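Residues or ranges marked as topological domain 'Cytoplasmic' in Swiss-Prot (evidence: sequence analysis): 1-7, 65-70, 146-153. The feature transmembrane segment is assigned by Swiss-Prot to 8-28, 44-64, 71-91, 125-145, 154-174, with sequence analysis given as support. The topological domain 'Extracellular' annotation in Swiss-Prot covers 29-43, 92-124, 175-645, and the record cites sequence analysis as its basis. Per Swiss-Prot, Mn(2+) binding site is recorded for GLU255, THR300, ASP475, HIS476. Positions annotated as active site by Swiss-Prot, on the basis of similarity to another entry: THR300. Feature annotation from Swiss-Prot assigns substrate binding site to HIS416.
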Amino acid sequence: MSLHKKKISLFAFFLLTVFTVTLKTYFSYYVDFSLGVKGLVQNLILLMNPYSLIALILSVFLFFKGKKAYWFIFIGGFLLSFLLYANVVYFRFFSDFLTFSTLNQAGNVESMGGAVGASFKWYDFVYFIDTIVYLFILIFKGSWLDKRVFSKKFVPVVMAASVALFFLNLAFAETDRPELLTRTFDHKYLVKYLGPYNFTVYDGVKTIQNNQQKALASEDDLTKVLNYTKQKNTTPNSEYFGAAKKKNIIKIHLESFQTFLINKKVNGKEVTPFLNKLSTGNEDFRYYPNFFHQTGQGKTSDAEFTMDNSLYGLPQGSAYSLKGDNTYQSLPAILDQKQGYTSDVMHGDYKTFWNRDQVYKHFGIDKFYDATYYDMSDDNIVNLGLKDKPFFKESAEYQSKMKGPFYSHLITLTNHYPFTLSEEDADIDKPNTGDSTVDGYIQTAHYLDQALEEYVTDLKKKGLYDDSVIMIYGDHYGISENHNNAMEKLLGEKITPAKFMDLNRTGFWLKIPGKEGTVDKTYAGQMDVMPTILHLVGIDSKNFLMFGTDMLSKDHNDVIPFRNGDFITKDYKYVNGKAYSNKTNELLETQPKDLDKNKKQVEKDLEMSDNVLNGDLFRFYKNPDFKKIDPSKYEYKTGPKGNQK
């Protein structure tokens, strides 16, 4: 055997570097990153996802000649290892992954520097041991390297194989988590399904797109939006303006709740007996049966976003994920600056989901009680996170220790797709539609109703009920059009496109201290909540940019736009380019007189709101009634229960 055959060929060095960097990445998945990996498919994806980009990047250096090619591969491998370790350190400190936007924030970079020493682990040498070995070979054992030119005709084959592997990885990821790239739920999800290197590329592309849109925006764009939204200003209802000044505000988010459940019975038993009682008008709550969600692909995050900012979500993706670093004039920040409210969010999932740990800083939210503040033992968890009953119980305890006035937002989880519940927690029989999603939905909605009743009882016991504004709302539909056949069996009627729009009613219940309950049939949407609450506490909404109008005002605009351009009014609905009667859901033979005007208004609303987000226009807004939020002043620490994944 000749001497050169015993040497390390360039291709062998390439393969070895790809293998060791991938091995370190795989090590980080199970030792340092809490990715919540479950099942064979997710483990297979995890095994697959680092290879493609590592191989694609390093294969470029196979075009070079001699020792220089070895050095380039080494440097490429080192930079990938450095990126991996930087993410490891950042994750240990922030439970999240590095993005270009976080690197642009000085506070994060400074924290990163301090975090290295504080979070160093004894096994961290694993991330660089191969680097040390390769460096030793390149400097001291150059004779081990085969200097012959590598055949370049194989390089495109290697690159093509890397690209093919990426698309195979993406296909598996989309199968296990549909709409992964469009909805961008959580950085952890993206890393779990794509790997840290592909995530960095994805984040870079999104950052460039956002920066380009921002660069083209100007103060003139903001002026156009302000001139448009000023036309929406409503005169406050004198009976309600200031009626809840400096009262605590409790906002309760009912996951995937739709109002077809109200007064619905299954096998003779009410699905939501407590909410049924609140919907009569005989209790303390003002019930809006014609309240619609206005979410897009961001679903839950869109509902939060719209209700706290009176802006629409994006046409694609989630504003939380894609526009989380924008400047905002949010409801909690206005309440703080004008009336001294503190604000918090309570949620039985971890803070990085939907990028909440970053977005909330830009909303000026003071505290985030995420899963690390709750008992996340196995008995308390179902589906995506903490069950609603223990969630509400622990949340009420936290709230009882708060000083008012506070704005507290509780986000439930149990009534979430795929609507699974243990036999122990299920207190109503499933219907027999033949569709496990629809059948399960009845059980989880019933459980949610029970949990809500227990929570309201706790508020009364702790003295928080009487003097608080309480909002209860459904965030978005739970049952999609894919389940129309089962829904027809459950409801006993045909689900037409017009009927499906009716099913987008998610309900809104509003308790105002000192005011009697009623059933208010006003047509309204999530966009209208922010101006309504501002007027209730005595803050005029005309001083702020909003697309919604006060539901209690006589000037309220009852044209309710949806993110896809459809809309509904008190008389008719516009679905897929056709107008239907609200009373009969039949196609209208004569076009409503105000149809064209309303279509233009809806299109303009969506366009203007998109301009605000894409151009980050609030950064230009010099509002004398509002001081810009400084996100660096907010930090959401890990709770006393810690990360229990």
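A Cβ is built for glycine as well, from the same backbone N, Cα and C atoms used for every other residue.
Everything Swiss-Prot records as a feature, shown here on the structure.
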residue	record	Cβ neighbours (10 Å)
GLU255	Mn(2+) binding site	24
THR300	Mn(2+) binding site	22
HIS416	substrate binding site	22
ASP475	Mn(2+) binding site	26
HIS476	Mn(2+) binding site	21
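Broken down by DSSP into helix, strand and coil, the topological domain 'Extracellular' (29-43) contains 8 helix, 0 strand, 7 coil. Between the C-alpha atoms of ASP475 (Mn(2+) binding site) and the residue listed as 'substrate binding site', the distance comes to 11 Å. Taking the mean position of the Cβ atoms of GLU255, THR300, ASP475, HIS476 as the Mn(2+) site, the remaining residues of that chain whose Cβ falls within 8 Å of it are HIS253, LEU254, SER256, PHE257, HIS293, THR295, LYS299, ALA303, HIS416, GLY474.
Most Cβ pairs under 8 Å to the transmembrane segment (8-28), among the stretches 44-64, 71-91, 125-145, 154-174, belong to 44-64. Under DSSP, THR300 (Mn(2+) binding site) is assigned to a helix (H, G or I) in the three-state scheme. Across 44-64, 71-91, 154-174, the stretch most heavily in contact with the transmembrane segment (125-145), judged by Cβ pairs under 8 Å, is 71-91. Taking H, G and I as helix, E and B as strand and the rest as coil, DSSP gives the topological domain 'Cytoplasmic' (65-70) the counts 5 helix, 0 strand, 1 coil.
For the pair GLU255 (Mn(2+) binding site) and HIS416 (substrate binding site), the C-alpha distance works out to 6 angstrom. Counting only the Cα atoms, the space from HIS476 (Mn(2+) binding site) to HIS416 (substrate binding site) is about 10 angstrom.
Same-chain residues lying 6+ beyond the ends of the transmembrane segment (71-91) with a Cβ under 8 Å from its Cβ atoms: 10, 13-14, 17, 20-21, 24-25, 28, 32-33, 54, 57-58, 60-62, 64, 97-98, 102, 112, 115-116, 119, 124, 127-128, 130-131, 134-135, 138, 196-197, 200.
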